[in-house]
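Features reported for this protein in TrEMBL:
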type: ACT_SITE; residues: Asp34; note: active site, proton donor
type: ACT_SITE; residues: Asp36; note: active site, proton donor
type: BINDING; residues: Asp34, Asp36, Asp195; note: Mg(2+) binding site
Amino acid sequence: MDQKTLAVASVVLEDPPLDFAPISLVQSQLVVFDFDWSLADQDTDRWVHELLLPRLRIEFVERKSAYLLRELHKEGFTREQLEDALRQMPIVPLEKATTDTDFLLLSNSNEVYIGVILDHKGLAEPNPLFREIVTNPAAWDAQGMLHLSRRVPPDGPQHSCKVGCSANMCKGDELDAYRKRNADRGYQRIVYVGDGGNDYCPILRLGPQDVALVRRNRGLAKRILEEGNVQCQVRYWTGAWEAEQLLLALGGLRS
Ligand SMILES: [Mg+2]
Ligand SMILES: [Zn+2]
C-alpha cells in the first residue's frame with residue numbers, strides 16, 4: 001500500500017475537548033479491561049521483541065508469536081530476560097481501584113505475560129485486582145521456552161462469531177459467559193476499556209446504561225465510526241492519565 005493510501009485509510013480523529021464530565025454512579029458495576037494497548041500501554045507480543053531482539057519486531061508483522069518465541073529462544077534469551085522485559089511495561093495505574101467495583105481482564109495476550117506484569121505491579125496475589133482473567137493459556141518448558149495455546153483449542157468446537165473476533169476467542173461470547181457465571185453480582189453497569197478491532201464484538205453486546213472507554217485512533221474507534229450499531233455510551237481517551245480520569249468519574253477508582 002502506498003503512503004498516501006495509508007494516510008487516508010488510517011483513522012485520525014482530531015483530539016476532542018477533554019470530557020471528564022461526571023457520569024452517574026451505580027451501586028454495583030463491572031469494569032472490563034482489554035490488555036494490549038488498553039490496560040498496558042503497549043502490545044505485549046511486540047514489546048518483548050522490541051526490548052530483546054529488535055529485528056523480530058519487524059518480522060512481527062508477518063510472523064506468528066510462536067515462531068518469534070522460538071527465534072528468541074534460539075538466540076539464547078532466557079525466561080528471566082523475557083520476564084524482565086515484561087516488568088518494564090507501562091500500564092494504566094490501578095492501585096486505587098474501588099472495592100465496590102468488580103474488574104475482569106479479557107485479553108487475547110496470554111496468561112504468562114499478564115501474570116508476570118500484574119504480579120510486578122502488585123495487582124496479583126495476595127490482593128488480586130481482577131475477579132477473573134480470561135486469556136490464552138501459556139507455559140514454560142524445561143528449556144525455558146514459552147509455548148502459547150489458544151483459549152478456544154484448534155482441535156475442538158470453534159466459536160461461531162461473525163463479527164471478526166480471532167479464532168483464539170470470541171470476546172463477546174467470553175463476556176456473556178462471565179456475566180452468566182457472575183449473575184449474582186447484579187451489575188447495574190458494565191464499563192469496557194478497549195482499543196482493538198476485536199473489542200468491537202463485546203461492545204455490541206452492551207446496553208444504553210453501559211459505557212465504552214475507547215482508545216482513540218485505533219481499530220475499535222475505527223469500527224465504531226464505520227460500522228456503528230453501538231448502544232452503549234462511548235467516551236474516548238488517548239493517554240493512560242485520561243483513562244484514569246474517566247474511571248474516576250465512573251467510580252471505578254478513588255481519588
Ligand atoms: Mg488491545
Ligand atoms: Zn466475537
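Here the Cβ of each residue, glycine as well, is placed from N, Cα and C on the backbone.
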All-chain count of other Cβ atoms within 10 Å of Asp195 (Mg(2+) binding site):
22
Given the Mg(2+) site residues Asp34, Asp36, Asp195, which other residues of that chain have a Cβ within 8 Å of the mean position of their Cβ atoms, reported in sequence order?
Phe35, Trp37, Ser38, Leu39, Ala40, Ser107, Gly194, Gly196, Asp199, Arg215, Arg218
Would you mind pulling the DSSP three-state label for Asp34 (active site, proton donor)?
coil
